[in-house]
Amino acid sequence: MEDFVRQCFNPMIVELAEKAMKEYGENLKIETNKFAAICTHLEVCFMYSDFHFINEQGESIIVELDDPNALLKHRFEIIEGRDRTMAWTVVNSICNTTGAEKPKFLPDLYDYKENRFIEIGVTRREVHIYYLEKANKIKSEKTHIHIFSFTGEEMATKADYTLDEESRARIKTRLFTIRQEMASRGLWDSFVSPREAKKQLKKDLKSQEQCAGSLTKVSRRTSPALRILEPMWMDSNRTATLRASFLKCPKK
């Protein structure tokens, strides 16, 4: 699973996930499913904010990243992916500026158009079950909840999906692709089932032992986007390029 994550996701997302797990004292070598889940959640949060800006009239517009109008205000503030101290600093700043009620738990995004915090969920189960779990945990009508599944289903507070249909379709397509890629490698069942995950962990550890000593150093590029958490969209060409840059365990 760890190899899959490093091949499938943008290196910046992988690095953020590694930092998050380290902050909470979690071992990504052991909790590989959580590693994959965090990377998936991060990417969905970035895609959610992708290309969405607010113009001078306060209207929400969609602009490509290479458009000169990209200097307009981002519609969404990304909170997910920051260390806890910085994340709460951002939340406090938003609350002081907008008058929004401070949430009890760290949300994932803030929507400057609708003036509300957003909690993003990505689930391998039924969307309505996960939605209820989120709602019971947050216990606040002020925080908007939006849940996506790997099967293309979604659920949001008061059926308000925030984004246009095309933007949501990109997220659903990406999640479905991740599921298909996992399935093709025999990883999906272990990603869904804890029992299967234990079996897969044993296979992963055995595979790592076989690969020990065969890896060479891979250069890491640090993008400015990592520091400012700019949104990104992993198109097929970019994914193919990233995959080519990573090493695989040599076939014997």
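Glycine is no exception: its Cβ is also placed from the backbone N, Cα and C atoms.
Taking the Cβ of LEU28 (site 'Important for efficient shutoff activity') as centre and 10 Å as the limit, one finds 20 other Cβ atoms among all the protein chains shown. Residues or ranges marked as site 'Important for efficient shutoff activity' in Swiss-Prot (evidence: similarity to another entry): LEU28 (among others).
Residues or ranges marked as site 'Important for efficient shutoff activity' by Swiss-Prot: LEU65 (among others).
According to Swiss-Prot, the active site annotation covers GLU80 (among others), on the basis of similarity to another entry. Here the Cβ of GLU80 (active site) has 22 other Cβ atoms within 10 Å, regardless of which shown protein chain they belong to.
If you look up Swiss-Prot, you'll see ASP108 (among others) marked as active site. Annotation for ASP108 (active site): same-chain Cβ neighbours under 8 Å, separated by at least 6 residues, are HIS41, CYS45, ILE78, ILE79, GLU80, ILE118, GLU119, ILE120.
Taken from Swiss-Prot, the feature site 'Important for efficient shutoff activity and nuclear localization' covers ARG195 (among others).
The site 'Important for efficient shutoff activity and nuclear localization' annotation in Swiss-Prot covers LYS198 (among others) and is backed by similarity to another entry.
What Swiss-Prot lists as site 'Important for efficient shutoff activity and nuclear localization' is LYS199 (among others), and the listing cites similarity to another entry.
As annotated by Swiss-Prot, site 'Important for efficient shutoff activity' applies to LYS202 (among others), with the evidence given as similarity to another entry.
Annotation source Swiss-Prot lists site 'Important for efficient shutoff activity' at LYS203 (among others), citing similarity to another entry.
Per Swiss-Prot, site 'Important for efficient shutoff activity' is recorded for LYS206 (among others), and the stated evidence type is similarity to another entry.
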